Structures are given as C-alpha cells and as structure tokens.
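Undergrad: Here it is, the structure, as structure tokens.
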Amino acid sequence: MQARFHAIWSEITPKLQEALLPYIGNDDFSAMLTTEQIESIKQISGFDDHALALALLPLAAACSIAPISHFYVGAIARGESGNLYFGANMEFTGVPLQQTVHAEQSAITHAWLRGEKKLISITVNYSPCGHCRQFMNELNSGTQLEVYLPDRPRLTLADYLPEAFGPRDLTDTPLLLDTVNHGYQLATNDSLVQAALDATNSSHAPYSQSHSGIALQDAQGKIYTGRYAENAAFNPSLPPLQSALIFMNMVNGNCQSIKRAVLVEGANSQLSQWNATKSTLSVLGCTELERHTF
Ligand SMILES: [Zn+2]
C-alpha cells in the first residue's frame, strides 16, 4: 500500500478494508475505481454507491498536498461510465496562491484526463467554496450535477449556485468534458512534444481560444499530460500545468521529480501560460522547460 494511505487505513471499517484491499492495497493504485471494482466492493462491504463515495473521502483527502493550510480536502467524482475518480487539494510554496488546486478541480480534471465524457456527481468532505461552484458550472453536466457532503441531503449544483452565471450565458460553446479536437499540428518526432500537442488539442478554451497543453516527464521517464480548462468567469480557470500535476499526484508520482516539461500554445494567442508555468515549475525543481508554438 502507498505510504500516503497508511495513517488513514485504520479508520476504515474492517468490512470495507477487506473490500478495498485488492485495489488500494496495491502500490500502483491509481486513485480511481472502475464499475467492476465498485460492484465487488459494494458486495463485500454492503455499502451502497452513496455510502461508498462518502467512505472513500478520507482516502482521497490523504492524497492532499497542503503545506500552507494543512487543510486536507478530498473529493470523489462519479462519471457516467460508473467509475469513481479521487481528487485532492494541492498547494505550492514559493508562488502566488492563485496556483492552488482545489479538491473538486482535482477530481474533475482527473476524470477528464482519463477520458470521462460526463460527470453524474461529486462527493466532498467540506462544502465547496465559491471558486469550485463556479468551476463545476463549466461542466457539461450543468447545474444538474449532484453534490454530496457528509450529513447533508442530496443537493444539486443548482442549490449551491443559485442565479448562476456560466457558459450558457455566453456563446454557444463546447462545455467542459465535451469531446473536442482542435486539430493543431506540429512537425515533431519528440514523444513529449507530441503528448503536449495532443493535450492542447483536447483543451477547453472557448472564450480566449488560447488552447494549451503540457507534458511532464519524471526521473523514471513516465509522461504526464495536462490540458488548460478555461472558465466563463475567467479566474477559476485551471492552467495546463496544474492539470498535469493533478494527474501526477493522483497516480502517486512525485511532483518534485520532473526532469523535463514541454508547453504547447499558439504563437499568436491572446493568452500565454509560459511565465506562470515557468515560475511554478522552477519552485518544483524543474529547469528543463520548453515552449513549442503552433
Ligand atoms: Zn474550492
């Protein structure tokens, strides 16, 4: 079992421990559960879907990296496929707080990067902050997304975000998690550049059209990609680097072992991720960073 789960494991009931052990007991557990795995867990533990998502929250929160707040937030996103995706907050010392990742953003981005096309619900251990309510309103699930908290009734995003402003108030644009391919091309034989380009082509930037993606390579040669997720209210937008760091953290990668990073964006885009990406990567100890433009 990964070290991050050791402290919390004793707080899980024995029946649920038995049900979860075949998955969470593995060192290569990737912070998600498939529908088949969930069925088996429900059968052994006797938990229903709702109780299981709530019971997984302490394990999701154990993935949190919060050196500033020491406030550990976990989230579980349920996709329309039936799969469950963990998410946790991430904070970075040495850069502005704007670089912070919230647990809901983490779970949603995790699901998106794994190819989930729509989310049904999100379960969180604390009430979602205003920033996350706005971030969630960018999803193609809209305000019908179900939001669950411990000891609260089932509510939807519409309850948490009344009089909502969102993408539907603007132009007729793709929504977050809609399948897109922007079709940008770069002549390259470099697998890291190609991975960053692929991420760019799946990114969400309907307001600025400044699509971007990133690919990170760690000391073991593993590649992690991230896509820009723009928001109708602009500020809750999630940069491509944060997206990649979310995935890296979820699969238990070490965000301080990035050896090389490639950012892809448009040469003439209105926005650039370059300077912010450079500053956050440098505090994470990565100095080999390239910008490739289309
Ligand atoms: Zn939040």
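Note: Cβ is positioned from N, Cα and C throughout, glycine not excepted.
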Undergrad: From HIS102, HIS110, grab the residue that TrEMBL records in the same Zn(2+) site as CYS129, CYS132.
TA: HIS102
Undergrad: Taking helix as H, G and I and strand as E and B in DSSP, count the residues of the domain 'CMP/dCMP-type deaminase' (48-168) in helix, strand and coil.
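TA: Looking at the domain 'CMP/dCMP-type deaminase' (48-168) with DSSP, the answer is 43 helix, 26 strand, 52 coil.
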Undergrad: Compare the C-alpha of ASN89 (substrate binding site) with the C-alpha of each of the recorded positions HIS102, GLU104, CYS129, CYS132, and give the closest one.
TA: HIS102
Undergrad: Would you please pick out, from the recorded positions GLU91, GLU104, the one with the fewest other Cβ atoms within 10 Å of its Cβ?
TA: GLU91
Undergrad: Are there residues of the same chain, six or more positions away from CYS132 (Zn(2+) binding site), whose CB falls under 8 angstroms from its CB, and which are they?
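TA: In sequence order, the residues whose Cβ lies under 8 Å from that of CYS132 (Zn(2+) binding site) (at least 6 apart) are HIS102, ALA103, GLU104, GLN105, PRO236.
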Undergrad: Near the substrate site, what residues other than ASN89, MET90, GLU91 in the same chain have a C-beta no further than 8 Å from the centroid of the listed C-beta atoms?
TA: SER64, ILE65, ALA66, SER69, ALA88, PHE92, THR100, VAL101, HIS102
